[in-house]
Amino acid sequence: MAVKSIKVKLRLDDMPEIRAGLWKLHKEVNAGVRYYTEWLSLLRQENLYRRSPNGDGEQECDKTAEECKAELLERLRARQVENGHRGPAGSDDELLQLARQLYELLVPQAIGAKGDAQQIARKFLSPLADKDAVGGLGIAKAGNKPRWVRMREAGEPGWEEEKEKAETRKSADRTADVLRALADFGLKPLMRVYTDSEMSSVEWKPLRKGQAVRTWDRDMFQQAIERMMSWESWNQRVGQEYAKLVEQKNRFEQKNFVGQEHLVHLVNQLQQDMKEASPGLESKEQTAHYVTGRALRGSDKVFEKWGKLAPDAPFDLYDAEIKNVQRRNTRRFGSHDLFAKLAEPEYQALWREDASFLTRYAVYNSILRKLNHAKMFATFTLPDATAHPIWTRFDKLGGNLHQYTFLFNEFGERRHAIRFHKLLKVENGVAREVDDVTVPISMSEQLDNLLPRDPNEPIALYFRDYGAEQHFTGEFGGAKIQCRRDQLAHMHRRRGARDVYLNVSVRVQSQSEARGERRPPYAAVFRLVGDNHRAFVHFDKLSDYLAEHPDDGKLGSEGLLSGLRVMSVDLGLRTSASISVFRVARKDELKPNSKGRVPFFFPIKGNDNLVAVHERSQLLKLPGETESKDLRAIREERQRTLRQLRTQLAYLRLLVRCGSEDVGRRERSWAKLIEQPVDAANHMTPDWREAFENELQKLKSLHGICSDKEWMDAVYESVRRVWRHMGKQVRDWRKDVRSGERPKIRGYAKDVVGGNSIEQIEYLERQYKFLKSWSFFGKVSGQVIRAEKGSRFAITLREHIDHAKEDRLKKLADRIIMEALGYVYALDERGKGKWVAKYPPCQLILLEELSEYQFNNDRPPSENNQLMQWSHRGVFQELINQAQVHDLLVGTMYAAFSSRFDARTGAPGIRCRRVPARCTQEHNPEPFPWWLNKFVVEHTLDACPLRADDLIPTGEGEIFVSPFSAEEGDFHQIHADLNAAQNLQQRLWSDFDISQIRLRCDWGEVDGELVLIPRLTGKRTADSYSNKVFYTNTGVTYYERERGKKRRKVFAQEKLSEEEAELLVEADEAREKSVVLMRDPSGIINRGNWTRQKEFWSMVNQRIEGYLVKQIRSRVPLQDSACENTGDI
């Protein structure tokens, strides 16, 4: 069954004694779970680690194993005395060994086994807390009969085998032995239950006859076991991941730095020098001074230019080459400070001896950085009612715990209530346990989807969903009482919780479950593998399935058993998602339309008579992603305001560095500051720019003629004055942002400025980052300002961002589900919207698998990073949760290079941006975007005959351009995200493998000839290339041939994680030990031959870029064009 969670607010304004009782119950439950967790942690007898109180993310030992053993022995000896034991007390080692055995029974995850916390809690709590309990000893006659007994009584065959299995399990179970040993040593009972201990201040109701422990204690004990089980599993995973990183580090060192120990020592010395020169780096993280790939961007060009200079050449010559490269690649350039250090004679060996060394060491540093952040042990945290709360649980009617009942319309229409069968009530300062408390709940639209099903069965209900024509059957599940976490920190100021909620779970049956089926029938056609649900098709089952379930075109969810359709989804940034729907059909159904065009389709592997026919493709837009002139103006204005403040802060930070004690750093910063035209970027407010320029003029008059102390004091005073000036701007900006209009979103068609778009979330993130940088800005070079422990800096904005992300994920997942079911959101004549069935439904939703995006030249890194951070993972999980009740399958497909090849032709291409209309106007006050200005300058388009919507190849953008044929000027254009969605379909139906377009090869010798040997990183690659090698005559194009009958085994690197494999690949590529080959399946680029990756994409770029440039140059130049404006943004 699918589980839905509905959070309702309890109306407690007129029930102060119940409000206080709920808060008291919350504290008691947390204290009780803490009590039992402490017992379990002592029985474990191993080190416990907590977060360091310094707030630096490090760990420290909270309690050593010896301290745990000492405290445990103290408790055990005290228990023997309290129990009046007069028999053998046992040695310390015997008691500790017995305690550990008990722990492994309670928490089997400690020894790598599995167990059910509910069953363990019910099995052990009574024997451990009641001296008369006989549970677990194998002699109790109460409880359910064994399964083999029930089978024998029912006359079912196989009961003898089941009995044998039960006896085998019983003989292997050490429970009885451990419990008897505890009794022999006078340790029964081992502990008092929490509700009977001196720690509890509640007047609990007396136990019923035959009741050994209260349900409150049973749930507390169960939650403590659940926490320890989860913690033990996590602790093992953390240790394994740490060991893997250590092994990865050692393997990388052995493979890359043997024989270069002197260079390793030198680069460590370089990093130490940079650390000492910039103490502020350590305020971010301990590895902030490490050499990174980002800091080395452009190093190949810089080192090439430097190689022509003498080692003892003046620094000015080296610095000039740095600036030349930086000027040509402003957005693809690394750290000027790092290059300046590398130009010093003592560090030149790092790039003169081996130009690839620093690149490889940057990869190595990425491993060290992960190792530095990794933990060897999981952090152990005890429950706390305010800091680390757990929630009080209730069971449905008829359950094993304290129960609740949902009362429909108890106080009128839509005015529901909750009846708690047991609760606490505080009167005159005394908390007492009471029975049957009815609490009204606030109205909620979510509750309107619940309808009572049977008055004789209070837990039975109907669940209404807009994605189904009929109601789903369901039942109430468990529930939790929850408080708002932001209010818990202030509970010491009040006696009770302010806002209290009940989180109710509802178990809903899908259509297939209602028919008595475990899965829908089409689930047999697809295979979903692993946690990522990688999708594969059982091609041999397609024909039989379609014969049993012919396509009759039913619309909406009623058509799920009609035909077979797949909807692929490409998540984007500009629009939330792009979808493409394909239907499995017979090939003879493909009929040309009135224009003679055959429908777009993909062949299906192994099925000559079946094809996947394209039905529809479209963009899914959420509120905030629609475009209009007015909306764009508002969005650009608020971005421009924030961009001005960020630019001013960047200049202010550069001015601070001009006052550094390090002379070299100071002079480089000063040179950089005065060389940059302050007003050219047009990213500052005029008044602040004027104030800043005035301070620069004052400093220019002092530079070079005053002492270091006077210069640093002058810089500090200048910083302080412009910082104060900017402070007023920041305050005014914050005031405007807080008072800005926030339009309410209803439906999917409303135009709003922000809405649920990623652009809006990124804008909020940039606000937060700017405020953080501004609040912790140091006015003295090297000054480090950190947030105080427990700081709630910009907590409201942070919560707003988190809620915006959660809201986007849920809305996007809901929209994808409805689109897959064939529903569209339509407005009636009154403007009221509702979901209407318009298309036949899809049985499978296919997402791109982004976790394997390890290739540097695939999707733009910035775009992939934004999707990976939270959006894709969150949508995937939310889709799985929502799709289950609708019987929809959710899978993923290998997505590497799906945005770089045309789905129709297979040809590679480039993503392009359109020229903005404003850049073609006669009098354009705004500068060109940086990408357009770069294109114009590179191709010397002085006359700039640009038109609106001209395509500019940038590698980013929403238009994908690829060659359509080998003929010159024959190109295909399509929306890039729609193309990526269609590529996922092509890969699904063709059983795609990456080796069809990309191969990693190593240099080697075969029969005395230097050849490329394919790296067999998987079974598919091994099947195709285990006995093949590649040779070349040009060093660019490679041809394959067989190397003999002997087939090689799969490459050992298959055992590595894909991330580690790609790290090793990057290092090999830097040393030219391996080569990546690409090919064009369409045969257009280099006739479809295998080509070195760099040259392959160069051929693609030259072909498309040349065509687009030729188109622009073929026009009549526009006179006095505004295109001479070459500003940059």
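From the backbone N, Cα and C atoms, a Cβ is placed for every residue, glycine too.
Per Swiss-Prot, region 'REC1 (Helical-1)domain' is recorded for 15-386.
Residues annotated as region 'Binds DNA protospacer adjacent motif (PAM) on target DNA' in Swiss-Prot: 118-122. The average pLDDT computed over the region 'Binds DNA protospacer adjacent motif (PAM) on target DNA' (118-122) stands at 92.
Per Swiss-Prot, site 'Binds DNA protospacer adjacent motif (PAM) on target DNA' is recorded for ASN400, and the stated evidence type is experimental evidence. Under 8 Å, Cβ to Cβ, and six or more positions away along its own chain, ASN400 (site 'Binds DNA protospacer adjacent motif (PAM) on target DNA') finds GLN118, ARG122, THR215, ARG218.
Sequence-distant contacts of ARG415 (site 'Binds sgRNA'), defined as residues of its own chain at least six apart whose C-beta falls under 8 angstroms from its C-beta, comprise ASN409, PRO440, MET443. Residues or ranges marked as site 'Binds sgRNA' in Swiss-Prot (evidence: experimental evidence): ARG415 (among others).
The DSSP secondary structure for GLY478 (site 'Binds 'phosphate lock' on target strand DNA') is strand. Counted within 10 Å of its Cβ, the other Cβ atoms near GLY478 (site 'Binds 'phosphate lock' on target strand DNA') come to 17, all protein chains included. Under the heading site 'Binds 'phosphate lock' on target strand DNA', Swiss-Prot lists GLY478 (among others).
Annotation for ARG484 (site 'Binds sgRNA'): spatial neighbours ARG498, ASP499, TYR501, criterion Cβ-Cβ under 8 Å with sequence separation of six or more. Per Swiss-Prot, site 'Binds sgRNA' is recorded for ARG484 (among others).
The site 'Binds sgRNA' annotation in Swiss-Prot covers TYR501 (among others).
Per Swiss-Prot, region 'RuvC-I domain' is recorded for 519-628, and the stated evidence type is a curator's inference.
Within the same chain, residues at least 6 positions away in sequence whose Cβ sits under 8 Å from that of PHE600 (site 'Binds sgRNA') are VAL613, HIS614, ARG904. Here Swiss-Prot flags PHE600 (among others) as site 'Binds sgRNA'.
Of all Cβ atoms in the shown protein chains, 18 besides its own fall within 10 Å of the Cβ of HIS614 (site 'Binds sgRNA'). The annotation site 'Binds sgRNA' is assigned in Swiss-Prot to HIS614 (among others).
Under DSSP, ARG734 (site 'Binds sgRNA') is assigned to a helix (H, G or I) in the three-state scheme. Other Cβ atoms within 10 Å of the Cβ of ARG734 (site 'Binds sgRNA'), summed over all protein chains shown, number 13. The site 'Binds sgRNA' annotation in Swiss-Prot covers ARG734 (among others) and rests on experimental evidence.
Counting every protein chain shown, the number of other Cβ atoms lying within 10 Å of the Cβ of GLN767 (site 'Binds sgRNA') is 20. The site 'Binds sgRNA' annotation in Swiss-Prot covers GLN767 (among others), and the record cites experimental evidence as its basis.
Feature annotation from Swiss-Prot assigns site 'Binds sgRNA' to TYR825 (among others). When secondary structure is read from DSSP and collapsed to three states, TYR825 (site 'Binds sgRNA') falls in the strand class.
Of all the Cβ atoms in the protein chains shown, 21 others lie within 10 Å of the Cβ of GLN882 (site 'Binds sgRNA'). Look at Swiss-Prot and you will find GLN882 (among others) tagged as site 'Binds sgRNA'.
Positions annotated as phosphate binding site by Swiss-Prot, on the basis of experimental evidence: SER899, ARG911. Secondary structure from DSSP puts SER899 (phosphate binding site) in coil.
According to Swiss-Prot, the feature site 'Binds sgRNA' maps to GLN982 (among others), an assignment based on experimental evidence. DSSP gives GLN982 (site 'Binds sgRNA') a helix state.
All protein chains included, GLN982 (site 'Binds sgRNA') registers 25 other Cβ atoms within 10 Å of its own Cβ.
Between the candidate recorded sites, TYR501, TYR825, the densest Cβ environment within 10 Å is the one around TYR501.
Neighbour density for SER899 (phosphate binding site): within 10 A of its CB lie 22 other CB atoms from the protein chains shown.
Note on proximity: of the recorded positions GLY478, GLN767, ARG911, GLN982, the one nearest ARG734 (site 'Binds sgRNA') is GLN767, by Cα distance. Secondary structure at ARG911 (phosphate binding site), taken from DSSP and collapsed to helix, strand or coil, is strand.
GLN982 (site 'Binds sgRNA') sits 10 Å from SER899 (phosphate binding site), taking the CA atoms of both as reference points. Reduced to three states, the DSSP call for HIS614 (site 'Binds sgRNA') is strand. Residue counts for the region 'RuvC-I domain' (519-628) by DSSP state, with H, G and I taken as helix and E and B as strand, are 21 helix, 43 strand, 46 coil.
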